[in-house]
Structures are given as structure tokens and as C-alpha cells.
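> Swiss-Prot lists these features:
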- 1-26: compositional bias 'Low complexity' (COMPBIAS)
- 181-203: compositional bias 'Low complexity' (COMPBIAS)
- Ser45: phosphoserine (MOD_RES)
- Ser135: phosphoserine (MOD_RES)
- Thr174: phosphothreonine (MOD_RES)
- Thr308: phosphothreonine (MOD_RES)
- Ser384: phosphoserine (MOD_RES)
- 1-138: region 'Disordered' (REGION)
- 163-203: region 'Disordered' (REGION)
- 220-252: repeat 'ANK 1' (REPEAT)
- 256-285: repeat 'ANK 2' (REPEAT)
Amino acid sequence: MPSPTKAAEAATKATATSDCSCSAASVEERGPVNAANPSSTXATSGKIGGKTQDQTAAINKPKEFAVPNETSDSGFISGPQSSQICSEEIVPDSEEQDKNQQQSAPQKEQPVVLDSGIIDEEEEHQDTTTATADSMRLKHSADTGIPQWTVESHLVNRGEQLNNLGQSSSTQITGRSKFQSSTASTANANPSGXGATSSAPPSSINIXNAWEQFYQQNDDGDTPXHLACISGSVEVVAALIRMAPHPCLLNIQNDVAQTPLHLAALTAQPNIMRILLLAGAEVRDRHGNTALHLSCIAGEKQCVRALTEEFGATEIHEAHRQYGHRSNDKAVSSLSFARLPADLEIRNYDGERCVHLAAEAGHIDILRILVSHGADINAREGKSGRTPLHIAIEGCNEDLANFLLDECEKLNLETATYAGLTAYQFACIMNKSRMQNILEKRGAETVTPPDSDYDSSDIEDLDDTKMYDRFGDPRYFVSYNGGNPMTVA
């Protein structure tokens, strides 16, 4: 007689089978799901009366099922559903349940948060006092790397001086000394140092080493002194001179070998030129021209006067007062016996003096100033030995020739060039009949030019093209080759 437990189990199976509208064969067909786990199969067969062989045969026996038309489901019930049908008898193990749950659980995508810049309503209702306090603490504790003296720097206020470069006894720049006092007061007010920036302020700049900053060259080689001379700022030039520990800094050349004195001459700044000369500026440009050479070429009378007039006692005394702190090398002390007319005899790299440059440019007023300061009017230039009178004849400048003949008492009409030609002979060779008549009236010796290869045809051959054709002809070298033409490659 079957036990009550087995009868209850059989009734439960029958009820589940009827509810799912499945046949007994379908229930037996579910056996392979549990058959995959031998322990589960053994437990099932033990509870059903130990008919393992019959149940296995029933499972292995092929069955035919009615496939629904709506879906392609084969009719098998998955593991979790079969566990409900089989109730306590057919229960998969924990590993099988975990695997099924992982397969059935959908993968959740990570939410993508896009910041639209709109403040949520929750954030709007937050305590603004706390947020403000946090942000303020962050601002106070942040180190931006900017020195405090840079933030507190300002221009002239209430008539205060921007700097104290004009005071000979001062040793510090005013802006930096103000910072030191403000730093001391800040330190007394805040001894703990909370909220202070970590970057320490730079040390005060002394006048003794400030020239290193103010005499740096830019991409064109110009220093602040060059730029100040171009702009015509006399006060800035004087302040830069006071900072220079040695006069050689005033002779720094730019990329075209121009010093501040050259730029002052080119821009017609006589006052700046005078200051630079008192401070000991000199040196030539890339063509060997001094500031006086450039002024003679440009015809600037005021600049020429500033460069040729001797220093007065007042100027020398003022120079000692302003620049005496760096005169230990006798750069300024030598001004007491310096004489500027000595510079009138300096030649440039073409061998030309100031009188030659002024004569070539036709500046009679400049020549008058040079002659009044003792310039040699009979000086010969370095290339061919021409004097200013030869230059006037070559350019057929009657006004210049009349000035030289009338006002220059030391003019020598018989001064010859390196080729031995006087002014009258030079006029004959150049076919300047008007100039010959002027010289004859002034008492020049009417001597014909000496027999030489220097004639009017040679002057025409000075053209570059004719010179090339002349030397390009092999017959030109016949006389130098023993009568045999020289082959020119």
C-alpha cells in the first residue's frame, strides 16, 4: 500500500501537468534538464520509487510535440519555471541558478551624464553660505604664482614720483621700497601668515645693478638708450646715463653698428648728442662714420654745432655732478681738457673726413662751421687724394668753389691729387671750362696736365660695362704678354 507522502506527490504532479496543458510525455521530456546534473537525477529517482531505468527509457524515447504557430518556442520550460512545476522534487543546484540568473539578467548601461550648464533645482536650494565660504577659502589658499608686488604696483598717484633716478643719493627704486614697507605692515597685522601667498617678493633692485636690465638689447640690437634717442626724450637718456656704471655702455651698437649717439645724429637731437658726448660716448658705425660724419652728410647745423663747440665750465661741472660716481676710470675727468675739434680730422673707412663729406653733399654752411673750428680745408681723401676744391670742380658746383676761394684763407690752389693733378689741371681733364676761368681769375697756375695715361677717355671707361668689355678683350693683354695674345677662359 503506497504511503501518504507518495500519494501527495503524485497528486501534485498531476495537477501541475493539467495546468500547463502538457502531456505526461512532456513532463518526462523535461528529464534531460535535470539529467545534466546527476545528483538531481539520483534524488528524483529515489523519491519516485527507484524506477531509474524506466524513467531513463522514457526520457530517451523521442516524443512529438505540437509546435505553436505564434512563436518558435520548442515547448521546453526553462530552469526557473521547471523548479516551480517540480516543486520540491526537481530543484537545480546553486551553481545552475546563478548561471541562469546571469544569463537572464539584462546588462545595465552606464548612465552618461552630460553637463548642460543648468543648475539643478536641488543645487539652487542648497545653503549658499556654505558654498560661498568654501569658494572663498579656495581662492585665499590658491597660489597663482604672481608676486604680490606685481598686483599692488601702480603708476604715479597724487603727484608722487615714478622713480627716484634723479636723486644722486638714492640707492633704491621707489616702487620697491614702498613694497617693503607694505610687506612689513602686513607681517605685523598677520603674524601667523595664514592666507598669504607662497611666492616671496623679489628683493629690491639697487641702482648699482639696474643697468643690467635697462641696457639689454632687443631683436634689432637696440637698447632703451637707442629708443630714447630716437624718440627725443632727454630726461630718459639722462636717467639711463646715470645708471650706466661705465661709459662703454653708451657705445653699444645695434645690428647696423649704430650707437645711441649715431641715432641722435640721424634724428637731429643736438641736446641728446651733447649729453652723450659729456658722458663719454663715441665709436663709429659700420662705415666708419662718427656722429659728426653723419651730421655733415645730413646737413644738420645744430647737430654739427653741438658736436664741435667746446665744453664750457658749467657743462663740465654738471657732468661731474651727474656722472662723477662712475668717473674712476678718468672717463669724465678728462672732459676738463678735451677738445672736440680734434674729431674733425677723423676719417671714415673710405678715407673721407668731415670736410669731404660736407663738400660732396654741397653743404656750404656745414663747411663754414668746420672751417671756423679749424678743419683742414686742404685735406686729401684717402682714395684718390681729392680736396674739397677738387670735389667742387668735379661736381661743377660754382657756389661751393666760390665759397672755398673767397672765405677759406688757408686754401691752397696748388694742392695735387695722388695722380699729381692740381685743381686747374683737374678742371682741364674734366672739360670744365667755367671752372677753369674761375681758377684763372683767382690766380691758379695755368699748367697743362702732365703727359700720362689719365685723360678724358679714361674717365669714360670708369663705367662698369665698358670696363668689363675692355678687360674681356684678349687683345688688351698683348702688351703684357710679349706680343702674344693671352687666352681668356
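Even glycines carry a Cβ here, placed using N, Cα and C.
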> Of these modified residues, Thr308, Ser384, which scores lowest on Cβ atoms within 10 Å?
Ser384
> Looking only at the repeat 'ANK 2' (256-285), how are its residues distributed among DSSP helix, strand and coil?
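Per DSSP, the residues of the repeat 'ANK 2' (256-285) fall into 16 helix, 0 strand, 14 coil.
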> Could you measure between Thr308 (phosphothreonine) and Ser384 (phosphoserine) for me? Cα positions, answer in whole angstrom.
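Checking the Cα atoms of Thr308 (phosphothreonine) and Ser384 (phosphoserine) gives a distance of 27 Å.
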> Specify the secondary structure state of Thr308 (phosphothreonine) as given by DSSP, simplified to three classes.
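It is helical.
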> Using DSSP, what's the helix, strand and coil tally for the repeat 'ANK 1' (220-252)?
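Going through the repeat 'ANK 1' (220-252) residue by residue, I get 23 helix, 0 strand, 10 coil.
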